[in-house]
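Chemist: Dropping the structure in here first, questions after.
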Amino acid sequence: MLDLKKLRSNTEEVKKALSNRGEDFDVNVIDEVIALDEERRKILVDVEALKKQRNEVSAEIPKRKKAGEDVTEVMAEMREIGGKIKADDAKVAELNDKINYIMLRIPNIPNPAVPEGETDEDNVEIKRWGEPTKFNFEPKAHWDLGTDLDLLDFERGGKVAGSRFTVYKGMGARLERSIINYFLDKHTFENGYTEVLPPYMVNRDSMTGTGQLPKFEEDAFKVENNGYFLIPTAEVPVTNMYRNETLEGDKLPIKHAAYSACFRAEAGSAGRDTRGLIRQHQFNKVELVKFCKPEQSYEELDKLVQDAESVLQGLGLPYRIVRICKGDLGFTAALKYDIEVWMPSYNRYVEISSCSNFEDFQARRANIKYKNSPKEKPQFVHTLNGSGVAIGRTVAAILENYQQEDGSVVIPEALKEYMRCDLLK
């Protein structure tokens, strides 16, 4: 959520910044919300005047009673003033609802470093690590390798649940689990994160706090009988752990690493990477979440990207980093980097991690603040998160990049102690 004061004081600047944001968003609603806020502010001034008048009239009652005077008219005036205050309070509550409805649907303001552009083709590559894997044979796709090696069962996943669900079997299940453990060990022992194992279901307030609701409700899986939502990412429960809290400034930054299953309806994604493990309704991921002071957040974003890189480098997987353009930035981020791993069967890089700085956008929605001393006025924290990284896509990348001509797959050195083998065959 944006700062309403900023909308009032920098209206045209904000409208310009949001005009090519890539969201289905009409900048004219900013004028609407400002008009509603002005109306609310005028009524609040009237309410304060009425309360002052009521206090003055109220003070007259004991004086008149003491003097033996009739207070009937004064009491009637009190009731009239009270009725006006009640009516104005109702108007303010109605205006608050209208303002909040609009504010929850206004996207974040892009950082000046965000490139211009409309689609993912306009994202700017800023780094490559490793070289795309070359083969002296025709490489297989990960879904064929997984099936041939009896690691992945797409058919039975479809039978028990539906399309875009997968059963991991035998060494495939062990590979998934080994990657999870490797990522968590790397981030907690080497990168300084505290591990969290969060709930996989959250309430509506949590989904609103991180920005999934109200805009993206159609992409969420909802438990209809009690209002819970299955989490699309551990970002949601981990960020909302601190909802409506004021943190101690000297404890920042707070850094959490969380493994979870993730659940996404992926509405509108038909035909896009729907074969194999790339786009699933249920998948595992290790998420990195940070809470920091505003002046720390862009340095912490750089470190977050490096932490996500570290696990891919440890696995020897070639990747590149792109800075996301305005039109592809999404709803909540002020600045975002995607890390894309090389996938031989696609002959291109495929996203495996997104690392974002939300500045105070989520903190305002979730009311997460900090202060450096007990007497200091609380300020909103900045929140960041990044995939550290997606597990299923890592499985796919390992199968494709480490495959051998005979159809076997070499285990990356970093995973051998977890897998207790050197080769999948």
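Positions of Cβ are set from backbone N, Cα and C atoms, glycine also.
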Chemist: Which of these, Glu176, Glu287, Glu340, does Swiss-Prot say binds L-serine at the same site as Thr233, Ala234, Glu235, Ser387?
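Modeler: Record source Swiss-Prot; matching candidate: Glu287.
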Chemist: Starting from the Cα of Ser353 (ATP binding site), work out which of the binding-site residues (Ala234, Glu235, Ser387) are within 10 Å.
Modeler: Ser387
Chemist: Can you grab the distance from Thr233 (L-serine binding site) over to Arg264 (ATP binding site)? Cα atoms, rounded to a whole Å.
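Modeler: Given the Cα positions, Thr233 (L-serine binding site) is 9 Å from Arg264 (ATP binding site).
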Chemist: Indicate whether Ser387 (L-serine binding site) is helix, strand or coil by DSSP.
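Modeler: Going by the DSSP assignment, Ser387 (L-serine binding site) falls within a strand, counted as strand.
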Chemist: Looking at the binding-site residues Ala234, Glu235, Glu287, Ser387, which has the shortest Cα distance to Ser354 (ATP binding site)?
Modeler: Ser387
Chemist: Could you tell me which of these binding-site residues, Arg264, Glu266, Glu351, Ile352, has the greatest number of Cβ atoms within 10 Å of its own Cβ?
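Modeler: The residue with the densest Cβ neighbourhood is Ile352.
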